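Structure first, then comments.
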Amino acid sequence: MVSSQPKYDLIREVGRGSYGVVYEAVIRKTSARVAVKKIRCHAPENVELALREFWALSSIKSQHPNVIHLEECILQKDGMVQKMSHGSNSSLYLQLVETSLKGEIAFDPRSAYYLWFVMDFCDGGDMNEYLLSRKPNRKTNTSFMLQLSSALAFLHKNQIIHRDLKPDNILISQTRLDTSDLEPTLKVADFGLSKVCSASGQNPEEPVSVNKCFLSTACGTDFYMAPEVWEGHYTAKADIFALGIIIWAMLERITFIDTETKKELLGSYVKQGTEIVPVGEALLENPKMELLIPVKKKSMNGRMKQLIKEMLAANPQDRPDAFELELRLVQIAFKDSSWET
């Protein structure tokens, strides 16, 4: 990428995940900072995750301040580099699509295939790191709730179901902070498990409702998964559930220790004896279970408590959609100054 595509200079590695490495980079012409994610296409699962992210982000025709923006995606094979576009007839692109669909490598495995995603650079880490390194702050909580609900409404309006909402996948941008009064900007990221709901039926031009787009692949991160996701039959209402877990945990600073990474993470759960169980899993076993919200007295008022309970309803039909959620959070934030003590 550095030699074949001199548009960017890589500065340093800032993150490494299960299927890619993220670098801080600069655009040579403007010196603007960007994030560049390098994904090696050596396994079908890597290719599928990368294509899902590309399809979701490239399907968005307008930008949203709280959704990560894809500047461009570069496909590299050995020394050959080309810009990737959705629906391209390029043989390299079609080989990746075939690999994703068939679940087996559809190109010469001796060739080095890479995808380079050029996106917004976020300098403040993720939501998990940001909140847990600071004392609880009502103003920050309010700002984050409004930003996240706005992002989710935007994604659902664009027929995108995220399917892996969690604090680790929400990035923090502090570049706009020119005064101490401003809260950082959140950006929903990591669309590797996302699903773009395409139109079907008699009128393919009519936008499909993400709340009527049923999916069957159980995916996500267990502590944020809705009960119907565990069951394998769900819609975009699963994103509402995940956001409910995040907001509840943020307001009350509920955390757990990840057994694999030993990292402290924001996330609410149910206690069963000495064990902690994901809320969605517990509700699948007992849909009538009453969640103890709030855990701490006076941590939220009745309207906030009721909204979180609805977001975490065992029956997805009892949850608000993303547009109602955004409206109700705005009302709580601005019409009821005593939502949190």
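From the backbone N, Cα and C atoms, a Cβ is placed for every residue, glycine too.
Copied from Swiss-Prot, the annotated features are:
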DOMAIN    8-334  domain 'Protein kinase'
BINDING   Val14, Gly15, Arg16, Gly17, Ser18, Tyr19, Gly20, Val21, Val22, Lys37  ATP binding site
ACT_SITE  Asp164  active site, proton acceptor
Tell me the Cα distance separating Asp164 (active site, proton acceptor) from Val22 (ATP binding site), rounded to the nearest angstrom. 19
Looking at the binding-site residues Val14, Val22, which sits with the largest number of other Cβ atoms within 10 Å of its Cβ? Val22
Cα-to-Cα gap, Val14 (ATP binding site) vs the residue listed as 'active site, proton acceptor', nearest whole Å: 21
Around the Cβ of Gly20 (ATP binding site), the count of other Cβ atoms that are within 10 Å: 22
Can you tell me the three-state DSSP label for Gly20 (ATP binding site)? coil
Between Arg16 (ATP binding site) and the residue listed as 'active site, proton acceptor', how many Å separate their Cα atoms? 18
How big is the Cα-to-Cα gap, in Å, between Gly20 (ATP binding site) and the residue listed as 'active site, proton acceptor'? 17
Counting all other Cβ atoms within 10 Å across every protein chain shown, which of the recorded positions Arg16, Asp164 scores highest? Asp164
For Val14 (ATP binding site), which DSSP three-state class applies? strand
